[in-house]
Amino acid sequence: GIDPNYRTSKPVVGDHSGHKIYGPVESPKVLGVHGTIVGVDFDLCIADGSCITACPVNVFQWYETPGHPASEKKADPVNEQACIFCMACVNVCPVAAIDVKPP
């Protein structure tokens, strides 16, 4: 699953749709973790969509990631500021790719 310490153990290597990207990133095979409040490990995400369905405040949007070995799209936490910390996404993710931490 996602490393719950990624916010301090991984360097910030970029910014995407208003949230940080934690590296390393070597596109298209290694995409890192997207988000700080709601972190999605893009290298674990298999795009089954359960988090998108479960989230009551629409934190996630699909993001195309052609060429990634796990899946060709990811659940991107573009609206992480809207998170109400219900943990529905964490609880339904089949590969434990999501970590939520209030700011």
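The first residue you see is number 1, and the count goes up from there.
For all residues, glycine too, the Cβ spot is worked out from N, Cα and C.
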Where Swiss-Prot shows His19, His34 binding Zn(2+), which of Asp76, Asp99 is named for the same site? Asp76
Do you know the mean pLDDT across the domain '4Fe-4S ferredoxin-type 2' (74-103)? 98
Near-site residues: [4Fe-4S] cluster, ref Cys55, Cys83, Cys86, Cys89, CB cutoff 8 A to centroid: Val38, Cys51, Ala54, Pro56, Val57, Val59, Ile84, Phe85, Met87, Ala88, Val90, Val100
